[in-house]
Amino acid sequence: MMEDVQSTFTVDEALVSLGFGKFQAFVLVYAGMGWVAEAMEMMLLSFVGPAVQVQWKLSSHQESLITSVVFVGMLIGAYSWGIVSDSYGRRTGFLFTALVTSVAGLVSAFAPNYTSLIIMRFFVGIGLGGGPVLSSWFLEFIPAPNRGTWMVIFSAFWTIGTIFEASLAWAIMPKFGWRWLLGLSALPSFLLLLFYSFTPESPRYLCMNGRVTDATGILEKMAKANRGKLPPGRLVSDHKIELDEISDSSEATYLVSVEKQNDIDEDTNSKNGGIRAVLKLLTPSLIRSTLLLWMVFFGNAFSYYGIVLLTSELSNGNRACASKEMQSSHTDDVSLYKNVFVSSFAEIPGLVLSAVMVDRIGRKLSMSSMLFISCVFLLPLVFHQTEAITTASLFGARICISASFTIVYIYAPEIYPTSVRTTGIGIASSVGRIGGILCPLVAVGLVHGCHQTSAVLLFELVIFLSGIAVSLFPFETSGCKLNDTIIDLK
């Protein structure tokens, strides 16, 4: 028995042995390009809506719908691509997301009217919903000891995307208009398609689906690229090792039957489009984490996108409410691009805070502290403040919210087993998109109606409840290996 155990190794043991090298660097850059593409498509909403409203003489409701319809598409896409990825592979999942995003993004630049633009932006949202697939794919290549740090580095690509989009808008919009911005912003998604053939499938996913030979082949390529050596013996899934260990206990017969049933469920999951994977998220061992995660994703998305959209609104709140004339007009000069460009840099200290905290004090304490501190930053805005105080408060709040959002995208895939990982994070991301849908319709609407106090109190409530939800998560994942089976999480 001891010889058999010593002659095998798991994916986690192989990753720790090989370390983070050139192979993972390629995976990081490829997945990061997907994150840049999503950030750019999201940030351009701050510029396209006002420009289209002026050109096509749209109502404020029609303008806000341009933003909300993207989140509706992302809600559907995050749910769908997560199931596709768990059923047919990570590569299949992000192939279709890149294809849909790039084509719809480019076509939307040629939209002849409002209706066609709304339809195309909806399909862009569906494609963008696959962002969590790329983050889960990258996560499954990282050694456990420094997983948090590398996921923060991965999140830096989002910041790069937001700053690059703000710079692009500043350079393109005044001279060439919103159509050029839409077309150029679709280019990163085309780059994903260009290099797709070089991307490897996740060895953890392959191993969990019985394709151990294929998984071994990828790990061997990783060893060659990283100039390392795999542990001696043959590759096995953590799932099989658990069965070997369980077979020695007094409860062997019962537990092995449970695990065999889990195997059957996983096989059925791949054949039935992931329906059973969705049901697993609500099993007794996962339901608490799942429901709390949904709440945190909703709160983070509602607050993050709200702060992005409200940067200019709250800065000009007193003047806009003092003059009805200003409520129906948009600033069509460089100040809009400048404000968004400067506020985007708030994410850099947010990333630094994430990197410092995530592995040192843990995921839960990092997220909850950032959320509660964000409440403190927003508190002065309950009443109208000077432009300097308003800008500083929003800047500080965005630092904390971006840090929290970064960490929740690290924590979410870690709490789920491989068999339902992308489904779990995909559905959680979908719930977050609901926050994105409601944000421009509710919070921004309150500010437009000169109800700044109500809007800020709404943000305070959502953020505070999200912090409480983080505190109630049942376990910490910092430094822990990724799980392959649901029974691991008990």
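Glycine is treated like the rest: Cβ placed from N, Cα and C.
In TrEMBL, annotation is done automatically, which means it is predicted and not curated.
As stated in TrEMBL, the feature transmembrane segment covers range 94-112 out of the listed 18-36, 94-112. Pairs of Cβ atoms less than 8 Å apart link the transmembrane segment (286-307) most often to 424-447, out of 94-112, 151-172, 424-447, 453-473. Counting Cβ pairs closer than 8 Å and at least 6 residues apart in sequence, the transmembrane segment (151-172) and the transmembrane segment (389-412) reach three or more and so form a contact. Highlighted: of the candidate stretches 64-82, 94-112, 118-139, 424-447, 94-112 has the greatest count of Cβ pairs under 8 Å to the transmembrane segment (178-198). Long-range Cβ contacts of the transmembrane segment (118-139) within its own chain (Cβ-Cβ under 8 Å, at least 6 residues beyond either end) map to 27-28, 31, 34-35, 37-38, 41-42, 65-66, 69-82, 85, 90-91, 93-94, 96-102, 104-105, 107-108, 111, 147, 151, 154, 189, 202, 409-410, 412-414, 421-422, 425-426, 429-430, 433, 482. Beyond its flanks by at least six residues, the transmembrane segment (64-82) meets 41-42, 45, 48-49, 52, 93-94, 96-97, 100, 117-118, 121-133, 274, 309, 422-427, 429-430, 432-434, 436-437, 440-441, 444-445 of its own chain at Cβ-Cβ distances under 8 Å. Residues 296, 299, 303, 314, 353-354, 357-358, 389-390, 393-394, 396-397, 400-401, 403-404, 407-408, 411, 452-453, 456-457, 459-460, 463-464, 466-467, 470-471 of the same chain lie 6 or more positions beyond the ends of the transmembrane segment (365-383) yet place their CB under 8 Å from a CB of it. Looking at the domain 'Major facilitator superfamily (MFS) profile' (27-478) alone, the prediction's average pLDDT is 80.
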